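Student: Before I ask anything, here is the structure I am working with.
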Amino acid sequence: MYLVVGLGNIGKEYKKTRHNIGFDVVDIVAEKYNIEINRQKFKGSYGEGRIGNEKIILLKPSTYMNLSGESVIEAANFYKIDKENIIVIYDDMSIDIGKLRVRGKGSAGGHNGIKNIIQHLNSDIFPRVRVGIGQPDENVVNYVLGKFSKDQREVIEKVLAMSAKACISIVEDGVTEAMNKYNGVKIEV
């Protein structure tokens, strides 16, 4: 069983912002596998389904980004999911737009949502899909809560689809295979 967590902030004003990439990827996986994310529990919205023979729980925490660990630990404990089977998808400023990076473990890298998840799980050993949003020329908060330009949006839509495939690959083939397949791929305008 896998817990697939997309990080983001709830509310219409955050829809399609850089910081909500995790929510967008989870929505793509949900659509592909006909999973309705319509239940409220674990301080978030979630739905259950299958990828092949694996049961998956798709979770969108409603705690706001910096408290995402509260939602993740509740769902993980309820379903008794191993940390190695918790996949977290989130935006990453240290990666260029058009790229993603799959990792099996690692530090928070300055991302407060991941930092909070690491604190609650008491571990940094969980797979993640880091989706590049590029470096800001402006205030970081304004940047991550801002929307992509039209040209960037074209690239991001393709990256979101690729990120969903990377999540699915982790479930079906394992983290190493997903890393080999998706790390280093760059989508251009």
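The backbone N, Cα and C atoms fix where each Cβ goes, glycine too.
It should be emphasised that the depicted structure is a prediction, and the values quoted were computed from it without experimental measurement.
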Student: Have a look through Y2, Y14, Y33 and flag the one Swiss-Prot assigns to the tRNA site that Y64, N66, N112 belong to.
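Tutor: Among Y2, Y14, Y33, only Y14 appears alongside Y64, N66, N112 as tRNA-binding in Swiss-Prot.
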Student: I'm trying to understand the geometry here, so how far is the Cα atom of H19 (active site, proton acceptor) from the Cα atom of N9 (site 'Discriminates between blocked and unblocked aminoacyl-tRNA'), in Å to the nearest whole number?
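Tutor: Taking the Cα atoms only, H19 (active site, proton acceptor) lies 7 Å from N9 (site 'Discriminates between blocked and unblocked aminoacyl-tRNA').
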Student: Please report the distance from the Cα of Y64 (tRNA binding site) to the Cα of D91 (site 'Stabilizes the basic form of H active site to accept a proton'), rounded to the nearest angstrom.
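Tutor: The Cα atom of Y64 (tRNA binding site) is 14 Å away from the Cα atom of D91 (site 'Stabilizes the basic form of H active site to accept a proton').
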Student: Under 8 Å between C-beta atoms and at least six apart in sequence, can you list the same-chain neighbours of N66 (tRNA binding site), or say none if there are none?
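Tutor: Spatial neighbours, sequence-distant, of N66 (tRNA binding site): N112, G113, N116.
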Student: Measure between the Cα atoms of every pair in Y14, Y64, N66, N112, the residues the record assigns to tRNA, and report the largest value in Å, rounded to a whole number.
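Tutor: The widest Cα-Cα gap among those binding residues is 17 Å.
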